[in-house]
Amino acid sequence: MGHDTKLEELAIKLFSIDAVKMGEFTTKSGIKTPVYFDLRVIVSYPEVMEMISNLLQEYAIKDCAYDHVCGVPYTALPIATLLSVITKKSMLMRRKETKSYGTKKSIEGHYKAGQTCLIIEDVVTSGSSVLETVKDLRKEGLKVNKAVIILDREQGGSANLLNNDVEITSLFTMTSLIEILYKNRKITEEMMLKVKAYIKETQAVVLEPSVDRLLLPYEKRAELATNQIAKQLFNIMATKKTNLCLSVDLTSVTSILDLLEKVGEHICMVKTHVDIIEDFNKDFVTQLKQIADRFNFLILEDRKYADIGHTVSMQYMKGVYKVGEWADCVTAHSLPGDGVLKALNGHMNSVSRGVFLLAEMSSEGNLISPEYKDATVAMAVKYPDLITGFVCQNKDTFKDPGLIQLTPGVQLESSKDSLGQVYNTPEKVILENGADVIVVGRGIVAAKSPETQVVIYKDALWKCYTKRVSGKLE
Ligand code: 5BU
C-alpha cells in the first residue's frame, strides 16, 4: 500500500471513531468552527494508534537525525511513546507543571546539552503549545528544530513555528483531510467548501518569535537577520569565535593601524570615532579597510547621528570623513524621529550598510527613559533591512533574534571613570544583561600590553557566551 492509500485509510478511520467531527463547534478560544478534532479518543483504538505511529515513522521521521523524541503533553504522549519504541530512540517527557519538591526538573529522562530532540504533536493551530515544549527543551540546551504533526490546521501555526526556527512535517493538512473525506463520500461538497472558507478566514495571530535570542547561537541568528551587516557580523563571530568589538579611541593614524595589526585576529568589529583623529587622511581609510578585510572584522563608526534627515544625509556622505564610503555600520539616535533612518536608508542602494540605534546609554545620569527606549525599538521595526541592532544595556530592550545587542561600558572589574562612564563585567553584561557584541575601549587600549589584554578579554567574553547558549545559567 502506498502512502496515499494508507493516509486515506487513516482519515476515514479517524472520521469513523469521531476524532474528526463536522458541524457547529466553539473552540477553547471562543471561535466558531465547522470542523472539530479530538485526537484524545485514539487511545481507545490500538489499531489507530498503530497506524498513526507507523505512518509518522515512514512518512515524516525516517530520514531525520535526532537523539530523542518528546511529545507535547498530553494527547501526543502515547504516540511519542510508540515512536520511541519503534525507532529505538529515547523519549523525553515535559512536565506541564514543575514539581514543587525533589529535582524541580521540567524535562524528565536522560539527555545532554547539545543533543537533538524531535517534537511529536497531534494538532497544530497557532503553534503555541509546540513552542512551550520547544522552549523548555531549549532551556536545557537541547537542539530542537523539527516537529512532526498528525494534522496541521493551516491557520498560521507552521509559519509561527518557522519564525521560531521549528520546521514541521504533518501527515494531514486540514485541506488534504477534508478532501479525502469528500472523495470517500463521508462529507458533502458544501461542507468541504465551508471548511475551506473557514480556514481562509480564521488565521491564528502571528506569535512573536519566542525563541529566546539569548539561547540561540550566533550562526542560527545569522539566518534570522534581515540586515546584511547583522548577518555578516553574526557569521564572523561564529567563525572567529569572538564577540569582542574594540573601541579604538586613539588620536593618531599610526597608533590605530599599529594596534589593529596586533589585535585584528581577536575582534569581530572595530569601533571608531573618526572625528578624534588628528591626522585623518584618505590613505588611513584605505589601510583600515585592508586590515579589516585581511582579519575579517567589520568597521563601526560611532558617529551617533542626531540631526534632521537632510543634515544627516550630508554628514554621512560628505565632508572630510565621507563615512558612508567606508564604514560597514554607524550608530544613530532616534531622538530626531525616523528622518535619520530614512536618510541613511537612502544610501543603501548599492552596498550593504547597517545602523545600530541607541536605545540606552552606559553613562550615569543619561536622560533616556523607558518610554523613549520602547519608542526607539518600535521605530526600528519599520526598517528591517537597515537596522543591525541596538546599542543598549538590558536584555529586555528587544526580542528579535535577528538583531544584535551592542553593549559598551565593559571592563573585567565593575567600576566607573571620572566622567560618568559605568563599567560592568563580562559575566554581568552577557549572562544577565543580554549583550551580543561587547564594546571594550580603555580596558584594552590603555593596557600596558593591549595584545595580551585583547586575548584575555576575548576569552572571558566568549566563555560567557558559550555558557549562555548552553542554557545552563546556574
Ligand atoms: P571605554 O574606553 O570602554 O569606556 O569606551 C567605550 C566606547 O563606547 C567609547 O568610544 C564611547 O564613546 C562608546 N559608548 C559608550 O561608552 N557608552 C554608550 O552608551 C555609547 C557609546 Br552609545
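Cβ coordinates are placed from backbone N, Cα and C, and glycine is handled just like the others.
Marked as domain 'Orotidine 5'-phosphate decarboxylase' by TrEMBL: 243-457.
Per TrEMBL, the feature substrate binding site maps to Asp249, Lys271, Ser362, Gln421, Gly441, Arg442. Cβ contacts within 10 Å of Arg442 (substrate binding site), excluding its own Cβ and spanning all protein chains shown: 13.
The Cβ of Asp302 (active site, for OMPdecase activity) lies under 8 Å from the Cβ of Ser247, Lys271, Thr272, His273, Val330, Thr331, each on the same chain and at least six residues away in sequence. Annotation note: Asp302 (active site, for OMPdecase activity) sits in a strand segment as assigned by DSSP. Taken from TrEMBL, the feature active site, for OMPdecase activity covers Asp302 (among others).
According to TrEMBL, the feature active site, for OMPdecase activity maps to Lys304 (among others).
The active site, for OMPdecase activity annotation in TrEMBL covers Asp307 (among others). Note on Asp307 (active site, for OMPdecase activity): other Cβ atoms within 10 Å of its Cβ, all shown chains, come to 17. The DSSP secondary structure for Asp307 (active site, for OMPdecase activity) is coil.
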Which residues of the same chain, at least 6 positions away in sequence, have a Cβ lying under 8 Å from the Cβ of Asp249 (substrate binding site)?
-> His273, Ile276, Gly441, Arg442, Val445
Residues close to substrate site centre defined by Asp249, Lys271, Ser362, Gln421, Gly441, Arg442, Cβ within 8 Å = Ser247, Pro408, Gly409, Val439, Val440
For Gly441 (substrate binding site), just count the other CB atoms lying within 10 A of its CB, please.
-> 20
Output, ordered by sequence, the same-chain residues six or more apart from Gln421 (substrate binding site) with a CB under 8 Å from its CB, or 'none'.
-> Ser362, Ser363, Glu364, Gly409
Measure from the Cβ of Lys304 (active site, for OMPdecase activity) and count the other Cβ atoms within 10 Å, all protein chains considered.
-> 15
